[in-house]
Amino acid sequence: MSRTKQTASKALGGKAPRKGISAKSIPSSGCSPAMPKRTRFKAGALALKEIRKYQKSTDLLIRKRPFQRMVRDLCKGREGVRFQASAIVAFQEAVENFLTSLMEDAYRCVLHAKRVTLMPKDICLVYKIKYANILYAALD
């Protein structure tokens, strides 16, 4: 191979060009290796599939162990507080029911504002409208 001179040029950045596949590297057997082709979904299709899955199920959405740890951590300062396993499961169901209804109402606020994205201000609005009497009763 003969050497050639190259002049210095300014690098423009970006990706390097892809190298083509040479004819020697392709197997001559004619069959291509069986690789499963991944299916591409439309944008948002997987999210809708996941929503339908969770709407059909009656399982708890928050994992039990992390929730149990959080409850025990919140009650750590109190002496002699103990929990039965069934009490923690009942508390978890109540919390998930509360959060689900809060998110449903917040999404109604999103639709009312003619938006698609749920924002923190929607959750704050629902909390102020729905639970204002509880909040102010606790302050008195």
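Glycine too: its Cβ is placed from the backbone N, Cα and C atoms.
The region 'Disordered' feature in Swiss-Prot is assigned to 1-36. Per Swiss-Prot, the feature N6-methyllysine maps to K5, K10, K19, K24. Annotation comment: Swiss-Prot describes K5 (among others) as N6,N6-dimethyllysine. What Swiss-Prot lists as N6,N6,N6-trimethyllysine is K5. The N6-acetyllysine annotation in Swiss-Prot covers K10, K15, K19, K24, K56, K64.
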Using the alpha carbons only, what distance in Å do you get between K5 (N6-methyllysine) and K19 (N6-methyllysine) once rounded?
22
Around the Cβ of K56 (N6-acetyllysine), how many other Cβ atoms lie within 10 Å? Please give the count over every shown protein chain.
8
Give the residue from the modified residues K5, K19, K64 that has the most other Cβ atoms within 10 Å of its Cβ, counting over every protein chain displayed.
K64
One should report the C-alpha separation between K64 (N6-acetyllysine) and K19 (N6-methyllysine), rounded to whole angstrom, as 51
Whole-number Å value for how far K19 (N6-methyllysine) lies from K56 (N6-acetyllysine) (Cα to Cα):
48
